[in-house]
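Over in TrEMBL, the protein carries these features:
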- 311-331: region 'Disordered' (REGION)
- 313-322: compositional bias 'Polar residues' (COMPBIAS)
- 366-443: domain 'Recombination activating protein 2 PHD' (DOMAIN)
- 371, 375, 398, 404, 407, 410, 430, 433: Zn(2+) binding site (BINDING)
């Protein structure tokens, strides 16, 4: 949360009845308002890349179950889909439309790995545009239906989508097959009568050429598009205002922000909508400077009264010793996301009463814990051990008693075993509780020994058996 140009990070945990949510890159996210009080504000997450570079086809539903001054507790559940299930993908969009008192999720675009039959050693990680099919997903029952619209001819990824009532606008995007960023502008309307849904698409003029842009809402009927790329290695420095009125959409350029020299000269940038017309932007730090920072962060305020305000710079405290030239190159879409419309949490704004003294001691909570008697993970000296680790130690949940977290490295887990335990639902017991868990297990059933039958004794002159 950002108050008075200060960035405050709040611990977040998952409830015990939550499913495992892997750290996903480029998933599609949106908000959803359910009918029940407990479903007042939910977050829908679909697809994305997993840490081991596989693509997900799962859909997760997150909701806030508890919020106080110390931390936020989320509940995450996995939703099973049936019917025309969208293939695993990333860089796509997911929105929710509302029509005739009903709602429906809409999935469109993205990229996926080429079919397994076409994958070779050299092209194992090659991706292709997903077919330009539109998927309607019933978020209550998990039914998914694919629609083929003649107006949508080419696959798109990293486009901008705006949902309002029963209509979705698709802008820009990148076509991998043609390596272009066409100036697309589609209007997709979804009608939800008692029978089958009706979907129609209209191609509108006045689109813009951009990919990986950030969308923020400034008014009830006004949005601003910030950032993105107009060419593979050329940032799009122009911002656009999008106005919606009835069935009309108007896109116009806004006054260009006074970008700092660091932003102007950086080859890549990324960011996220922080709500209330504010956008959080990040660029890689320069390791040649005396103080080496991983990233520099900026806040751009797009609200009408704040357009001319200077950006405020934030730097994170995690330093980097790696040369950016040696790291994996960024994809066109490199970005991060705090949450969909992070400002829209239910209840009163409790962040105003933030007190650093209320925070828990990180030395005994979170990733930086002493998980066993031989644990040697130190926040000051920790370095990645598994290839699946991004910036925190990998952890596994021990099911003994009320359960607790342990470091995978301290448990001497092979990376293959770590991935299997992360993806599966089987119980795991750490080294200290392994013997206890075995003692509690029900012993295997032992078949009774076969005994030879007793010989029958017959008394002469009678038919009775003694």
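Positions of Cβ are set from backbone N, Cα and C atoms, glycine also.
Any TrEMBL annotation is an automated prediction that lacks curation.
Keep in mind it's a predicted model, so treat the numbers as computed, not measured.
Shown on the structure are the features that TrEMBL records.
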residue : record              : CB count, 10 Å
371     : Zn(2+) binding site : 23
375     : Zn(2+) binding site : 14
398     : Zn(2+) binding site : 22
404     : Zn(2+) binding site : 16
407     : Zn(2+) binding site : 23
410     : Zn(2+) binding site : 20
430     : Zn(2+) binding site : 21
433     : Zn(2+) binding site : 18
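Note on the domain 'Recombination activating protein 2 PHD' (366-443): mean pLDDT across this stretch is 81. Here the domain 'Recombination activating protein 2 PHD' (366-443) has, by DSSP, the following mix of helix, strand and coil residues: 16 helix, 8 strand, 54 coil. Same-chain residues that are not part of 371, 375, 398, 404, 407, 410, 430, 433 yet have a Cβ within 8 Å of the Cβ center of the Zn(2+) site turn out to be 372, 396, 405, 406, 411, 431, 432.
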